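Here is what TrEMBL records for this protein:
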BINDING   84, 87, 89, 91, 93, 102  Ca(2+) binding site
BINDING   174  substrate binding site
BINDING   204  heme b binding site
DISULFID  52-128  disulfide bond
DISULFID  85-90  disulfide bond
DISULFID  134-337  disulfide bond
DISULFID  211-243  disulfide bond
DOMAIN    40-341  domain 'Plant heme peroxidase family profile'
SIGNAL    1-31  signal peptide
SITE      79  site 'Transition state stabilizer'
């Protein structure tokens, strides 16, 4: 039996009682008003502190402009947020340039969205110089982008400051082929639980991945010379047409949708969970959700109820966004998200 307390902004505690009653529990939780409140972060921080009243409006406007042109910005920003928060905390260290910065780590191959964050930052520097952190911009922009794709628009607590360093040696993001047990251990090390993990993996309803991350499942699962037995046979055939065996150096590495059949729509839906139940998940870690009792129960719940998934996503992404944040006099407010300020 799993327990989680959700704390609203009026400090009302709402207990979540058990996975089998997840839909009932989430029915009491309003994604617009009931979120965990991390220490030292504040709702409408820039307005309350009279430093940049319209900061969130500026970010939202820029996201809308770009999303109208390029809807792939949503999965790009979600991955960028995950890659930032899960390494040294939500401090925008992943945005820093450098020959050995986090963005150069193998796990961050194909990471995007940097130019867009630069654009938002330049707008905010014109309106409110030296005030809004890159870490807050990333969290706000991801929220606005995923809302445009179909997720709820949830309050983002702000007041984060930016980290001073970035090192690829600190990047310990796990392989997309690990077991659900290993994934859960990793999520727990970041202060998240099984509901958070299963919920946040639902972001794979959008976006693409490179074939390099799935060819083992298609051709040589666990060095058996055979495909992953958990994959539906016709799905293996379909994916092999898109991802040929990697047999030589310098071979092309095509991109494939994480949610075939729905990915091109760039919408936030529960269809990801239906694919997992049908043994048609692209990434190994996604298919692994069927092999834990709790993860399987949550997957079934979300496949049957989109609103449950939407509300849980709002709560879990806020919990992720509060991991090891810098506040007060820690870190700095970068003027350029790609480089630390000059001392």
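Glycine is treated like the rest: Cβ placed from N, Cα and C.
Location within the structure of each feature annotated in TrEMBL.
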residue	record	Cβ contacts under 8 Å, 6 or more apart
79	site 'Transition state stabilizer'	111, 112, 113, 203, 207
84	Ca(2+) binding site	90, 91, 92, 93, 94, 95, 102, 135, 138
85	disulfide bond	190, 320, 321, 323
204	heme b binding site	258, 259, 272, 282, 283, 286
211	disulfide bond	242, 243, 244, 246, 253, 254, 255, 256
337	disulfide bond	92, 95, 96, 114, 117, 118, 121, 134, 137, 162
(request) Could you tally the C-beta atoms, other than its own, that fall within 10 angstroms of the C-beta of residue 93 (Ca(2+) binding site)? (result) 27
(request) Count, for each of the binding-site residues 89, 174, the other C-beta atoms lying within 10 angstroms of its own C-beta, and report the residue with the smallest count. (result) 174
(request) Based on Cα distances to residue 89 (Ca(2+) binding site), point out the closest of the recorded positions 52, 128, 174. (result) 174
(message) Measuring Cα to Cα, how far is residue 52 (disulfide bond) from the residue listed as 'substrate binding site' in Å?
(response) 37
(message) Give me the sequence-ordered set of same-chain residues, not including 84, 87, 89, 91, 93, 102, with a C-beta within 8 angstroms of the centroid of the Ca(2+) site's C-beta atoms.
(response) 83, 85, 88, 90, 92, 94, 163, 166, 170
(message) By the count of other Cβ atoms within 10 Å, pick out the sparsest of the recorded positions 52, 87, 243.
(response) 52
(request) Identify, among the disulfide-bonded residues 128, 134, the residue whose Cβ has the fewest other Cβ atoms within 10 Å in this structure. (result) 128
(request) Do me a favour and check the Cα-Cα span between residue 128 (disulfide bond) and residue 87 (Ca(2+) binding site); whole Å is fine. (result) 29
(message) For a quick check of packing: other C-beta atoms within 10 Å of the C-beta of residue 91 (Ca(2+) binding site), how many?
(response) 28
(request) Write down the Cα-Cα distance for residue 174 (substrate binding site) and residue 87 (Ca(2+) binding site), rounded and given in Å. (result) 11
(message) What's the number of neighbouring CB atoms sitting within 10 A of the CB on residue 90 (disulfide bond)?
(response) 27
